[in-house]
Amino acid sequence: MIDVVVLFFLLGVFARLVKSDLRLPEPLYETLSIYLLLAIGLKGGIELSKQPVLDLLPQMLACMALGFAIPLVLTPVLRLMGLSRVDAASMAAHYGSVSVVTFAVASAYLAAQGVPAESHAALWVALMEAPGIVAGILLARLGAPSRPGEETQGVNWRELAHDVFLGKSVLLLAGGLLIGTLMGEAGTAPIAPVFLVPFKGLLALFLLELGLVAGGRLGELRRYGVRIVGFALVAPPFLAMAGALTGWALGLSLGGVTIMATLAASASYIAAPTAMRMAVPEANAALSITAALGVTFPFNIVLGVPLYLEMARWLVSGA
Amino acid sequence: MEKFARTLLVLITESALEKRLIADSQRLGAHGYTVHDVRGGSRLSTREALWEADRSIELKLICSPEVADAIAAHVMATYIPHYSLTLYFASVDVLRPEKF
């Protein structure tokens, strides 16, 4: 059954398609995004405080390796589809990085289905945000120009590292994780009525806004054609398979394998566009954002997450 | 009241460039700046400022004509090829010339 928050997303898309004047105030969008990142981090941190962090090292390394590997696999595929080197690498970076909101929707869906998952999964999100972006930039920048006229341009790695590792999303997520780990359940109890209890309602409101944003990208789909739409629909299940296999190999629970599959299948539309805009400005930003936000994000939250749960069920029960 | 002629250089562009443009303009001689969050569009595209990657800024610099020209030339050479960017000049009168 579809999760209630997804209906808010669809309401936003509908509002956009019928050209409604609905628009959430910008400060509300900012507030909600800060809230969700902190709340997700805090929840994960509270669970981290209950277990030895060193035991999670294999998971942490596997998350980063998975995020880094995805652009290495996708870039040649996108090149074969006719994209330029920078466009292919930029698009692959978006898919190597992750979508925090897709993670939140998957967590809410699992909770509604009564499928428990590793509660420290927010740690995986924080670790998977950056490696895909770094791999995408390396792929775009390293090597000779593959077409006459393609430019190569230096990357200010220091500035980029600052933006990626100390950017809003990683800082808030990691900060929430740290605060939750340090303070534990008892220490965070006073703020639980704000950060933990109303989470799902505020996620629904945020998804309404993202529905408006994603609905606005649908018109762009015609411009990029069947190839890009096809890629944005076909790549996530394959990436989910890689994520599910990784989670299964790590011995995660059914919920954990589903989350890992969802993270691998998700595409970033917040951290990656900003980083790629700075590091690879010649890449077509609208192309990647339209695929990630206009196609893959709706696909994942409406159909993908239930599909990945079934995929994980098949993998875990078949093992 | 004595007034002094200066140039107002206005840059409307993607918010991703904010830090770089401020650093560049200060390096090239601008003494100060003002930034607004804005939204807008053209026949080619719309930037509605609905989320992070869609934000735009308007950067205003008041400086000498020479500094304004140097900043504009740098911006044209460095950023115009790959970013949405509009820039224009206006003549303005200021009261405290040392500030600009």
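Glycine residues also receive a Cβ, built from the backbone N, Cα and C atoms like all the rest.
Database features, via TrEMBL:
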type     : residues  : note
TRANSMEM : A:56-80   : transmembrane segment
TRANSMEM : A:92-111  : transmembrane segment
TRANSMEM : A:123-144 : transmembrane segment
TRANSMEM : A:165-184 : transmembrane segment
TRANSMEM : A:190-212 : transmembrane segment
TRANSMEM : A:224-242 : transmembrane segment
TRANSMEM : A:248-272 : transmembrane segment
TRANSMEM : A:284-309 : transmembrane segment
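Scored by C-beta pairs under 8 angstroms, the transmembrane segment (A:92-111) has its highest count with A:123-144, from the stretches A:123-144, A:224-242, A:284-309. At the 8 Å Cβ cutoff, the transmembrane segment (A:123-144) and the transmembrane segment (A:56-80) share at least 3 close pairs (sequence separation 6 or more) and count as touching. In this chain, the transmembrane segment (A:224-242) lies apart from the transmembrane segment (A:190-212): fewer than three C-beta pairs between them fall below 8 angstroms, excluding pairs fewer than 6 positions apart.
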